[in-house]
Amino acid sequence: MLRDLVLYTIFMFLVLAIIYGHVNVHAQNLQKRNVEAELLGLPVHEGKEKDGEDALSKVRSIDTLWEYLINDITPRLIPNVDAITKHPSKSYFLMTHARLRQVRIGRNASERCLEKIPRLVWPRDNLNPCIGSVWGEAAEETRHFDNSWEKPLKKSDEDLEDSAHRYWTEDELNTAVFVGEHGVYSGGGYIVTLYREDPQAVQNVLKRLVRNDWIDRLTRCVLLEFTVYNPSTDMYTQVVLSFELDRYGTVLATKTIHTAALSSRERKNKPWLRMAEASVCVLVLFYVFKGVNDILHGSLAMFFSHLWNWVEFLVSVMSLLCVIFYLFRLASYEQVMKNFDTYGHGFFLDFTQVFHWHHVFHISMAFFGAFVILKMVKVTSFNPFTKVFMKTMFIGRNDVAALIFCTVLCLLAFGCLGRLLFGGHSFSYSSLSRTLITLLFFILGEPHYAVFLAANEILGKLFFVSFMVLSQCFVINLFIAVLRESLELSRCSPFAKEKATIRYMIDATMMYFNLTARNRQRPGITSPYGRK
């Protein structure tokens, strides 16, 4: 028991050291905020804003979208050479060029929707009001066009290499799909390259696109994609600004920012991290061998009949997944940097796959650390205090499961009711998932009473009172009653075995460090071996 406690404590601290060495969340958060402030014009910290207003929140139409790209993003992202010379302390450098990518609706699909509009409501030669009716069912536009979106072209791809109206497939761009607020967009689209050398030239390109109506009512989404590098922290940051044109004619601007230290140079500068990784690999193999040995001496069903054996199994599986995802991330990063060494800044670097594997690796490391710490409860089960907790949960498991089932049914019932009653008046009740999360906060003491009154004064009050009585007076009190009863029953146990175990561990530790009283012989008494 003492050996398992010491060994697993060392294992837990080694795992936490590895997690800290690979995933520095604090540094990632700081770099993300600085990128938002320096490059996007967003607030620096929560509650503290940089000089100027939040420019991204003003993007609500196509005109404000162009204004943001030309006047806000371009000077921040692509400074001229004189600005870099005068301000050598600039933290971020653009990796290759930035890229605008547009996903459009097929024009044929928009023309079919005219049949749904009566003749007296709108003239048949105007497509603007019927775009939204086919928003979710329209096929993506994949044809080439001239300098406008009027006439499709049948030229070869080589003749339209630098055209902003040439369609690039997902395989040609090697870009993953993008999941937005209003839909899922393919990795293909119409591309405009924003070269990193001259901001004035980039602004001229964007102004020419404005004159050609490159973004119109058939545009579903415009994506601004770029990657910056901070040499001070050796961290990369991928930024994807999405501007989705919804069916109501407004633009929804969202940002997706991923930051990570992807190179292996930092790992090489930490010898303690490599030693911790090697030690954890040895200990994981030891625990895997121990679990296999238990299965061979018993049975597979008997092994998985215990909850803590499942935790041990999950620890082994998550450790293996962490290694696999780390190797995938390393391989994808090496491939991107190989392209950079080959083509330089003339080739757009897409870090989407790299950050995807980094995100998966980050999640696996989080669950790995959580399961390792959770298993410490089982290792310290010889302690009567820990045993009380475990026995309380064991005694009340059936009642708690029944209460959870009834609570879920009640939440679903009130969730459907709240969505139908208040969904049109509040964003928090606009979908079933948002409604359930709002009701959970309701149980924790954050009701939205003003929303109920604004929707319907009578039904709002009735909904508020009924759900308050059910959640606060019945559900919570029943959980407390079940756990209290189980706690009283668990406290009746004598825990003699656990107390004897603790006493034995203390005595063994004191004897190991020579802290116990030694047996001394009296003077003049001869030992059986002939010595005094």
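Even glycines carry a Cβ here, placed using N, Cα and C.
Residues or ranges marked as domain 'Polycystin' in TrEMBL: 56-262.
Annotation comment: TrEMBL describes 276-487 as domain 'Polycystin cation channel PKD1/PKD2'.
Annotated transmembrane segment per TrEMBL: 6-23 (among others), in sequence order. For the transmembrane segment (6-23), same-chain residues at least 6 beyond its ends with a Cβ under 8 Å from one of its own Cβ atoms are 267, 270, 272-273, 276-277, 279-280, 283, 326, 361-362, 365-366, 368-369, 372-373, 375-376, 379.
For the transmembrane segment (309-328), the list of distant contacts is 22, 280, 284, 287-288, 291, 294, 303, 357, 360-361, 364-365, 367-368, 371-372, 374-375, 378: same-chain residues at least six beyond its ends, Cβ to Cβ under 8 Å. Residues or ranges marked as transmembrane segment by TrEMBL: 309-328 (among others).
Under the heading transmembrane segment, TrEMBL lists 360-380 (among others). Tertiary neighbourhood of the transmembrane segment (360-380): same-chain residues 4-5, 8-9, 11-12, 15-16, 18-19, 22-23, 308, 311-312, 314-315, 318-319, 321-322, 325-326, 328-329, 386, 389-390, selected by CB-CB distance under 8 Å and a gap of 6+ residues from either end.
Annotated transmembrane segment per TrEMBL: 400-422 (among others), in sequence order.
Annotated transmembrane segment per TrEMBL: 434-456 (among others), in sequence order. Remote same-chain partners of the transmembrane segment (434-456), defined as residues 6 or more beyond its termini with a Cβ less than 8 Å from a stretch Cβ, comprise 411-412, 414-415, 418-419, 421-428, 463-464, 467-468, 471-472, 475-476.
The annotation transmembrane segment is assigned in TrEMBL to 462-483 (among others).
Through the fold, the transmembrane segment (462-483) approaches residues 392, 396, 399-400, 403, 407, 410, 414, 417-418, 421, 439, 442-443, 447, 449, 452 of its own chain, all at least 6 residues removed from its boundaries and within a Cβ separation under 8 Å.
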